[in-house]
């Protein structure tokens, strides 16, 4: 549950109420005079507002008042008080059902009601002296189910014109640029369809934004990514798919990893046209194997679960293979095994250092024993590469790396590097528990646990990985090409 603290100053005293809001919310109903002690605000019948601790007073045309107990009904959960850089105050209100968004700089009525509510609520929970000024009134919020146009417009307007005079904090006390999304938008992140929305402000009565069928997931999903751990939003091109809020490492596509590791303009892919032909005619009632491959190809733009090729890493020529978990769970079939085998053979002939980035659920069951053969085939050519030619192979394990990949080339590197918090195992937790009838200790299959047991050489964050690889290559006498 998130909380909000509004920097609104109030004082204590006595308050007379001569009316309250009716349940209909669109009209006022008379009520008996109610006196609340310990509040220093008074309204008289002429609608003049006085502060007992102040010398000045002013009048404002106001209808009947509301009692403190009704303030939560009067001020909607969708109303926010903000202050701009010139210390001017505004109220911001939006109505989901009516598709209405309003910014008003004349909200003295609401401000009075809100002050009164804060004061009376605070008095019920405080025993401090009458002369104290109190800040940061605590208000419990509710879940906000916002449509996308409100989400986008509030964010753009706030960042352009208004400095929010409040702090939006999660339970972990992390504050970041996505606080607007986290506080206003629902945690589920579900997007509702919208038709035609107009947003206006009472300051200039002009339309700020008028859009049709605005959907952030359709127009901006190539720019933003959502953390699957804390649901925070971040700009994926800059942050390397590492959540700013919780530090969670999100999965990366193979193309993103290539872009992260290889110098621009130096990538030369290999065997791009190699595709699986369903060698054992695998039968499935749910979805034929051929259809699953076609679907994965359309989703990822890849022909299979690995990309191989050559390029330069800080000027050092390297052979690189990157597995893609989004293609059928990164499973290793005959095509994956053949492409990696050919890459290793090419690196052997050209005497290139080798990097294999692993992200796989293991052998592909739709290809039966042919997928298991790839483990031996890749291990065989790696033996020639490492033992006979004395070349340098670095294995990078990302989350998840399991099954046949872990049991073969994943753990055969001269240097084995893992990403932070990576899930690395041969058999998954569920399989072990069902087989042995014992619980698997929490974190026992995480990279940090494997490092302590000596199964890994290092855990390297993504932002440091390219530099670490460059230093390791130079340590093993692989240097950048001379630039003439």
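Going from the start of the chain as shown, residues are counted 1 onward.
Each Cβ is built from the backbone N, Cα and C atoms, and glycine gets one as well.
Quick look at what Swiss-Prot annotates:
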BINDING   227, 230, 243, 246  Zn(2+) binding site
DOMAIN    223-484  domain 'CoA carboxyltransferase N-terminal'
ZN_FING   227-246  zinc finger
Among 227, 246 [binding-site residues], residue with fewest other Cβ within 10 Å: 246
Give the residue from the binding-site residues 230, 243 that has the most other Cβ atoms within 10 Å of its Cβ, counting over every protein chain displayed. 243
I need the neighbours of the Zn(2+) site defined by 227, 230, 243, 246. Which other residues of that chain put their C-beta within 8 angstroms of the C-beta centroid, in sequence order? 228, 229, 231, 232, 244, 245, 247, 248
Please state whether DSSP places residue 230 (Zn(2+) binding site) in a helix, a strand or coil. coil
If you average pLDDT over the domain 'CoA carboxyltransferase N-terminal' (223-484), what do you get? 93
